[in-house]
Every structure is written in C-alpha cells, then in structure tokens.
Amino acid sequence: SQVTAQNGAVSTSRDDFLYHFGLSTVAIDMPKHFGDVKFVCAGGSASRAKHFADEFACEIGVPKSVNFSRSDRFVIYKTGAVLWINHGMGTPSLSIMLIETLKLLHHARATDVIFVRMGTSGGVGVSPGSVIISSGALNGELNEEYVQWIGGKKVVHPTRLCPSLAADLSTLAAHMHLPAVSGKTLCADDFYEGQMRLDGFFCEYSEVDKLSFLSSLHDRGVRNIEMESTAFAAITARAGVRAAIVCVALLNRMVED
C-alpha cells in the first residue's frame with residue numbers, strides 16, 4: 001500500500017518544505033529520487049548511518065550514496081531501495097525525523113515501505129552482545145503507550161510493532177547464528193535517572209532500588225532499555241506501515257551501568 005498522509009493540508013500543498021531535512025517538494029523530484037524506497041533503516045548516530053549505508057552499498061554492489069539532506073539536523077543516504085537516516089537521541093528528535101520521512105515517502109508515492117530502528121541499548125538480564133528484537137514498547141509508566149501533549153491535552157497512542165516482521169527477523173537472526181532475544185523494550189525519557197543509572201549528576205535512589213526496578217522490568221518481559229521505542233512504534237502504527245526495532249545490548253544493566 002502507498003504511504004499516504006493523514007493530513008489533507010499535506011496532500012494539497014504546492015510546496016511542502018521538510019524543515020529538518022532541508023528538502024522541498026518544489027526543489028526535488030520526490031518520486032524520481034525516492035519512489036522506489038522499500039526500507040527505512042534508522043539509528044541515532046549520523047556517522048553510523050553513513051557507515052551502514054557504505055557497507056550495504058559494497059555488499060549489494062551499488063555506488064555509495066551522497067547525503068540527500070540539506071540540513072545539519074539529519075542525514076539521508078540511499079542505497080538501492082533502502083534509506084539510511086539518523087534520528088538523534090530521544091523521542092522528540094525521532095518523532096521529527098519520522099514525520100518528515102513519512103511526508104517524504106508520501107510525496108514520493110512510495111509503497112509497501114518497512115521501517116526498522118537499529119540501535120544500541122542497555123540489556124535487562126541478557127548478555128552483552130545480545131540482539132533484542134522488540135515485541136513491544138513501554139513508556140516510563142510501564143504502559144505500552146506513547147504520550148503526547150497537544151493543545152494542553154494528553155493524547156495517548158498505543159505502541160504497536162509488526163509481529164510477523166519481528167518473527168521474520170528472529171528467523172533471520174537464527175540463520176545468521178546471532179544471539180537474538182525477543183522481548184519488550186522500555187523507552188526511558190532520559191539517559192540517567194530515567195534508566196536508574198548510578199553515575200549521573202543526580203542520584204536519589206540506591207543500588208538496591210535500581211536492581212529491584214530492573215528485576216521488576218525483567219519479570220514484565222522487558223529485555224532492554226533505550227529512549228526512542230514508544231514514539232517509533234506508535235507513529236509507524238498510526239501511519240499504517242510495518243515496523244520493527246532491533247537493538248544490540250551493550251551491557252547487562254543488572255550487572256553494571
């Protein structure tokens with residue numbers, strides 16, 4: 001199915017400027033450049049996005065991509081039918097990237113696009129190096145919801161990922177002999193206190209409190225912690241596109257920070 005904007009103003013606008021990409025529908029032929037996109041792979045770091053794009057280009061035998069973004073906020077690389085875009089850190093930054101990417105694909109008239117967030121995370125009861133394929137995304141209240149404040153009102157959207165896509169990725173990981181684990185992901189609002197780290201500027205809880213919280217997360221099926229999953233899962237679900245989150249655990253938070 002085609003990526004279609006749910007805002008009529010986007011469809012009727014003569015010139016839609018994607019501020020944080022520095023791209024305009026008047027200045028660039030969106031269908032020509034992006035109409036064949038089938039995958040969007042997103043991660044936090046701009047340099048990591050370029051690294052993945054370059055490696056993938058070599059893998060499939062296509063030229064390395066230029067950076068299509070004309071802004072210093074995000075980068076956009078395209079290799080074959082794959083877009084590689086960085087999303088920065090946290091849900092606010094990721095939401096901006098996702099909205100403008102969806103608008104770009106809408107104007108490009110792209111169809112059947114799959115979104116994959118690839119990132120780093122802190123594992124919860126899993127070994128460092130484990131790859132967590134998210135089965136769900138929890139917010140700080142431990143609900144599978146993404147919360148927005150719009151016009152002074154609280155708006156809640158469910159966080160939904162594509163189960164069949166996650167299953168396909170699990171099968172692929174097994175085929176590649178990767179240490180993959182399926183589990184829920186906690187989306188924290190910050191890196192330190194929101195993840196109960198002991199090494200922040202502020203710390204008003206004990207190591208016992210931290211371990212108790214992490215144990216309760218593990219009991220709920222949570223296997224990693226990062227800062228983008230709720231927005232990613234909710235926005236892609238609202239847009240009607242298939243999406244998955246795949247994050248490596250750099251460490252086991254139940255052992256160290």
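A Cβ is built for glycine as well, from the same backbone N, Cα and C atoms used for every other residue.
Around Arg117 (phosphate binding site), the C-beta neighbours below 8 angstroms that are at least 6 residues distant in the chain are Ala42, Gly43, His87, Glu228, Ser229, Phe232, Ala243, Ala244, Ile245, Val246, Cys247. If you look up TrEMBL, you'll see Arg73, Arg117, Met118, Gly119, Thr120 marked as phosphate binding site.
The Cβ of Arg197 (substrate binding site) lies under 8 Å from the Cβ of Phe191, Cys203, Lys210, Asp257, each of which sits 6+ residues away along the same chain. Feature annotation from TrEMBL assigns substrate binding site to Gln195, Arg197.
If you look up TrEMBL, you'll see 38-249 marked as domain 'Nucleoside phosphorylase'.
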Looking only at the domain 'Nucleoside phosphorylase' (38-249), what is the model's average confidence as pLDDT?
97
